[in-house]
Ligand SMILES: C[S@@+](CC[C@H](N)C(=O)[O-])C[C@H]1O[C@@H](n2cnc3c(N)ncnc32)[C@H](O)[C@@H]1O
């Protein structure tokens, strides 16, 4: 069936699956994430009130992500235990605190005293336990540092301080440090120093602080032009971030902390950030409005943005002084321990802001059951199934069979086809020959028999399956159900079976996440030999769809493999942390039966994706693919986002990565080309971007990724 003349992606072949395997038998993919923050609850009951420790924003059904935790930005204070206990007891989960005394400048320490001098850090490492440092403190690097300053002394001082502070933070095993926003548009020296540090960094993440600003090109005259006629470039802080991370070669430990201000950029441009590695959103107290009762609240747009942050596991950090004067008598009173705790918590200056964030978090719709089930698969790359070349395992069939929505759609399609084929008056005298090709363990046989019962049509079924293991199950199913008179099992590849009679209806489900990627076209071309000339194929057609996406998470996961092969492979993945940059477009369509004289399943498509100017510039890490299948007439089934069949979980999208991310300037079109290529032993895709830049053609000759015939 296949030759070993091309590279098999070793280690994958056996664990490849299109759909989720039984999660009980799989290691949870989420456990491979480097860490989550905070890692574990604070452990020292002596100095803090334990009942206030780790106080997630509340319990939102199903959400166990990092966004349950809320931090607070603090000023420098050399009494770290006090700062931490005040904030933890005040209801926060972690602090973002300066590590170094802000007046310190390396050049002010003279050479003579340098050797003996002690750096002015906020206390010794012993003032907190290692677990406290790493679970509850994000280091805030001095905000005065300016590595691209024209002033040599300031620049050199900045470099020294940055290195000293990050070395100290590493020594403390902090999980993250907040880097100050680059001072100007030029940030090359800053990025160079950070990049050097990243090369030898432990697991610590560096959060680059970026204000969430984008002046809207058309609306904002103040930015576009000045009275003296000079044109000023509109500001988009995403560009600053993009330059910085390009300079740092998209390092996976470099991420973003967004400063959320009182005015927000357009919704479209905000969406870009969800594909970026945003770890925290710093919300300033002066971004809050005042509600009718005098308490802080956020505008509708801010609320929506925060819901997005929660959904994408981005942690909120509150920053600033209290700017609301709370109504007199708002402090809780009482005598019990709970009241004492509440009072203590209420003493935190910005507790009412935290309460409001907690309220927004709890207000979110709980995750539907299916989403909760799929949580561990979010952004986890899987190799697509090869159901033709490989024999699927029992647990893979079991997962298929749990998706009742899929079989309901098939049953509806078969019912409609039966009624169209046999008028009521012939129902009791005519037997319809129906063949399930690729019957697996029999769910489509069952759906077809149920359709016959529902419509009162008589059926003779052939169940054709090439996997001998599934055939064993088919036999026992037929016996168990007493279908011996109706169902004939054929253990054979449909492409070479010589059928004893022709079929009225051919039912199959050989669809991959990208429609044709499990070789349904090739199999059904072989099977249509035994379909009557006026016979019906269910599905009657299917179309793949594709759209460009920003997904730094997936890009970095592919990059981890450090080889070409992984950048030229399409993955099945439950897409989550991504920005969809343009609506999806149809790619390849296959129709069955196909009686054209020279059937060719090779395809080529050139697509142009447009994005509104107001989105701003963006980066494309790859393309998300989907399919939609017409089973029969108006009965369809698919995962294309705008028409997806609700509650169907058999397919995750497919992801075609790009070897190098492509920068697309605001308003510029993106041209993508894709080929479906067919050889004697394999089918594969090749793809590339041709505008605004030209990428290499990925997967030339199917050298990295192919589907075996
Ligand atoms: C995606 S599974 C679907 C199984 C089942 N119909 C269901 O819906 O659960 C596709 C099935 O088709 C079988 N298959 C794939 N290519 C085949 C071929 N050329 N001839 C016969 N069976 C094939 C596979 O072994 C597998 O059992």
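Every residue, even glycine, has its Cβ placed from backbone N, Cα and C.
What TrEMBL records for this protein:
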- 509: active site, proton donor/acceptor (ACT_SITE)
- 518: active site, proton donor/acceptor (ACT_SITE)
- 397, 406, 407, 465, 493, 494: S-adenosyl-L-methionine binding site (BINDING)
- 91-363: domain 'PRMT5 TIM barrel' (DOMAIN)
- 369-538: domain 'PRMT5 arginine-N-methyltransferase' (DOMAIN)
- 541-707: domain 'PRMT5 oligomerisation' (DOMAIN)
- 400: site 'Critical for specifying symmetric addition of methyl groups' (SITE)
#### Entry: For residue 509 (active site, proton donor/acceptor): intrachain residues, at least 6 apart, with Cβ closer than 8 Å
406, 410, 438, 444, 539
### Message
At 10 angstroms around each C-beta, which of the recorded positions 465, 493, 518 has the fewest other C-beta atoms nearby?
### Response
493
## Note on the structure
Quick note, residue 407 (S-adenosyl-L-methionine binding site): same-chain residues at least 6 apart with CB under 8 Å of its CB -> 443, 444, 446, 447
### Query
With respect to ligand 1, which members of the recorded positions 406, 407, 518 satisfy a Cβ distance under 6 angstroms to one of its atoms?
none
### Task
Please report the number of other Cβ atoms within 10 Å of the Cβ of residue 400 (site 'Critical for specifying symmetric addition of methyl groups').
19
### Summary
Here the Cα-Cα span from residue 493 (S-adenosyl-L-methionine binding site) to residue 400 (site 'Critical for specifying symmetric addition of methyl groups'), rounded to a whole number of angstrom, reaches 20
#### Entry: Residue pair residue 400 (site 'Critical for specifying symmetric addition of methyl groups'), residue 494 (S-adenosyl-L-methionine binding site) - Cα distance, angstrom, rounded
21
### Message
Between the Cα atoms of residue 494 (S-adenosyl-L-methionine binding site) and residue 518 (active site, proton donor/acceptor), what distance do you get, rounded to the nearest Å?
### Response
14
### Message
If I take the alpha carbons of residue 465 (S-adenosyl-L-methionine binding site) and residue 518 (active site, proton donor/acceptor), what is the distance between them in whole Å?
### Response
15
### Task
Between the Cα atoms of residue 518 (active site, proton donor/acceptor) and residue 397 (S-adenosyl-L-methionine binding site), find the distance and write it as a whole number of Å.
15
### Query
Counting across all protein chains shown, how many other Cβ atoms sit within 10 Å of the Cβ of residue 397 (S-adenosyl-L-methionine binding site)?
19
### Neighbour tally for residue 494 (S-adenosyl-L-methionine binding site), based on other Cβ positions within 10 Å of its Cβ
25
